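Visitor: Have a look at this one.
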Amino acid sequence: MEIHVGGAAPYDVVIGRGVGDRVLPMLGDGVRRVAVLFPDGLRHLAEPVIADLGKAGLAVLELPLPEGEGAKTAAVAVAAWDALGEAGFTRSDAVVTVGGGATTDMGGFVAATWLRGVPAVHVPTTLLGMVDAAVGGKTGLNTAAGKNLVGSFHEPAGVVCDLATLGTLPHDELVSGLGEVVKCGFIADPEILRLVEEDPAGAVDPASPVLAELVRRSVQVKVDVVVGDLKETAGFAGGGGHPGREALNYGHTMAHAIERAEDYTMRHGEAVAIGMVFVAELARRTGHLDDATAARHAGTLAAVGLPTRYDGAPYEQLHAAMKVDKKSRGDQLRFVVLDGLARPRVLAGPAEADLRAAYERMRGA
Ligand SMILES: NC(=O)c1ccc[n+]([C@@H]2O[C@H](COP(=O)([O-])OP(=O)(O)OC[C@H]3O[C@@H](n4cnc5c(N)ncnc54)[C@H](O)[C@@H]3O)[C@@H](O)[C@H]2O)c1
Ligand SMILES: O=C(O)C(=O)C[C@@H](O)[C@H](O)[C@H](O)COP(=O)(O)O
Ligand SMILES: [Zn+2]
């Protein structure tokens, strides 16, 4: 199936099994050379794509990357730019990424910045990459100060989600992706929560129709949000309305602080799960969210094996890290909270006592 993403630069997200041959047509007719970026350990997943491009007469530049989050550094971007420069890449050339969200973030950033932008087609091979990272055009690198602090909005020319690739994904990585899936359920599509709660075993089975339906629904949530607010400006208006693209950042303010505190050894989706438990409690304490919906967060997340507690870094360290979150304005922290199921809004400048109390809840106190 295909989900069409409208807007100034429309593209399709293809979801299915054995759909790797959909990459080539997404590149368009004029492309002559393609840089394929993939984690070195996933060469076997990149090879069929590389072979297809080669058979079509395109010159392929292979750019193997470090594993996972290790790819999202300035040094890796510089190395990729140097390789493109050496190969003489022009604006009739393109980038293809094959890998998880770290790869699509990095490869998307390289595509966004080389010659101020060349086309990118993403082939996500993790659940998280399919339902979130590859779609919507956010690209990013980490810096010493925090997560995704350098990046750009660069919409892909297309996204190809081959569900068959999930067959080799380690179980814990699949579960991590469900953190973003459940996020989509809370911010926009409660049917996702029902599906996960009704059949948690199906949700973590890469071959199940339940998981395919969760992918489809989550991509649709993301597409609907980004089409309305690609560059994440809607939430600036304030006033308690829908926060636009910032809604997709539900749970992420604390999640990114934890990831940094843990030196990026915790999976992103796991951190998002904990971050949602934190922010649900913050919303409950500040009178936005009812007790049952707040409690439902930990219940649904735990049902698929996601963590719901974090007892690592001290409050002060996490608070300092949250200050560089992109939703912050000056000294004011801003969080996406829920007024109820599928009713996201921004909570700006919550009281210190409420933040500390939500932190204690997150620690399991
Ligand atoms: N741009 C966005 O909108 C957006 C959205 C969500 C997350 N992200 C980013 O995505 C990153 C997380 O992505 P992720 O969870 O996919 O992690 P990841 O890219 O680090 O991949 C996780 C691990 O799985 C391996 N892997 C990937 N596909 C595999 C497969 N099919 N079989 C076997 N192993 C496989 C990878 O090599 C890696 O070791 C974070 O950096 C996060 O910030 C970006
Ligand atoms: O696409 C978005 O917008 C999101 O916020 C999706 C998030 O799941 C994703 O982790 C994103 O990279 C976080 O964005 P950031 O702007 O907080 O770095
Ligand atoms: Zn995320």
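Any Cβ shown, glycine's included, is placed from N, Cα and C.
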Visitor: Name the residue, out of Glu180, Glu191, Glu197, Glu352, that TrEMBL lists for the same Zn(2+) site as His252, His268, please.
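Guide: Looking at Glu180, Glu191, Glu197, Glu352, the one TrEMBL places in the Zn(2+) site next to His252, His268 is Glu180.
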Visitor: Residues near the Zn(2+) site, Glu180, His252, His268 excluded, by Cβ within 8 Å of the Cβ center?
Guide: Leu128, Asp132, Gly179, Lys183, Gly251, Ala255, Gly269, Ala271, Val272, Gly275
Visitor: Excluding near sequence neighbours, so keeping only residues 6 or more apart in the same chain, what lies with its CB under 8 A of Gly70 (NAD(+) binding site)?
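Guide: For Gly70 (NAD(+) binding site), the qualifying residues are Val76, Ala102.
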Visitor: Suppose you look only at the domain '3-dehydroquinate synthase N-terminal' (64-174); what would the mean pLDDT be?
Guide: 97
Visitor: Looking at the binding-site residues Glu67, Gly101, Thr104, Thr168, which has the shortest Cα distance to His268 (Zn(2+) binding site)?
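Guide: Checking each of Glu67, Gly101, Thr104, Thr168 against His268 (Zn(2+) binding site), the shortest Cα distance is to Gly101.
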Visitor: Which residue, of the binding-site residues Glu67, Glu180, has its CB surrounded by the fewest other CB atoms within 10 A?
Guide: Glu67
Visitor: Here's one to test understanding: among the binding-site residues Glu67, Thr104, Thr165, Thr168, whose C-alpha is closest in space to the C-alpha of Glu180 (Zn(2+) binding site)?
Guide: Thr104
Visitor: Roughly how many Å separate the Cα of Thr165 (NAD(+) binding site) from that of His252 (Zn(2+) binding site), to the nearest whole number?
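Guide: One finds 27 Å between the Cα atoms of these residues.
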